[in-house]
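Engineer: Per TrEMBL, the features are:
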type     : residues : note
TRANSMEM : 21-46    : transmembrane segment
TRANSMEM : 68-90    : transmembrane segment
TRANSMEM : 110-129  : transmembrane segment
TRANSMEM : 135-153  : transmembrane segment
TRANSMEM : 160-178  : transmembrane segment
TRANSMEM : 184-202  : transmembrane segment
Amino acid sequence: MEASKYLKDIQDIKEIMNKSTLCLSLSGLSGVLAGIYALIGAWLAYRTIYTDSMPGDPYAGLVITETILYRLIAIAFSVLIASVATGIIFSMQKAKRENESIWNTASKRLLINFSIPLVAGGIFILFLIEKEILNLVAPLTLLFYGLACVNASKYTLRDVRYLGLTMIFLGLLSTWFLNYGLLFWALGFGVCHILYGSIMYFKYDRN
């Protein structure tokens, strides 16, 4: 009886330490929705770039005009804003249900460690767009996002690390198959987000 009491006390202390050092308010459903937004964005991007009248391989010999480029940037920012807004709303709701603060030391560390690779990658990608090196944009978005997830994973759920490693793998693979960047982008930001978001929902959110 005494031993079980000590074990319970140790478990309680461990939970308190986890809450103080880890940001556990990430919502699996927000990941699923982010994946859906990404798939919609990829479909819109495909419709913007490719036409049914194109002969031969639709992934080869493309010319991205300035108008198309601006539309693609608008689609990308729309997906980003929708995903971030959804993540914030769902995380706030989860934190409120669990009577926790969404803005604490752990979430600050999470945000900082996530932002460093992401911001650096974003600036680098903007330079590539300025230089019209567009075939590397999709692989690098996957790669830098994956690095951001891995870098931030020590302050949140372990599943985020596996998501990041998957994104890094897809980014490297996409670099080898440059003509299929949009397909890999949809697979990474769309399918993987839906898959990992569903796993996180059933593991952590359903209770």
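Every residue number used here counts from 1 along the chain in the order it is shown.
Every residue, even glycine, has its Cβ placed from backbone N, Cα and C.
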Engineer: Pairs 6 or more apart in sequence, C-beta under 8 angstroms, 3 or more of them: is that satisfied by the transmembrane segment (184-202) and the transmembrane segment (135-153)?
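Structural biologist: When sequence-distant Cβ pairs are counted, the transmembrane segment (135-153) touches the transmembrane segment (184-202), since at least 3 lie under 8 Å.
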Engineer: Counting only residues 6 or more past its boundaries, what in the same chain has a CB within less than 8 Å of a CB in the transmembrane segment (110-129)?
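Structural biologist: For the transmembrane segment (110-129), the list is 23, 69, 73, 136-137, 140-141, 143-145, 147-149, 151-152, 154-156.
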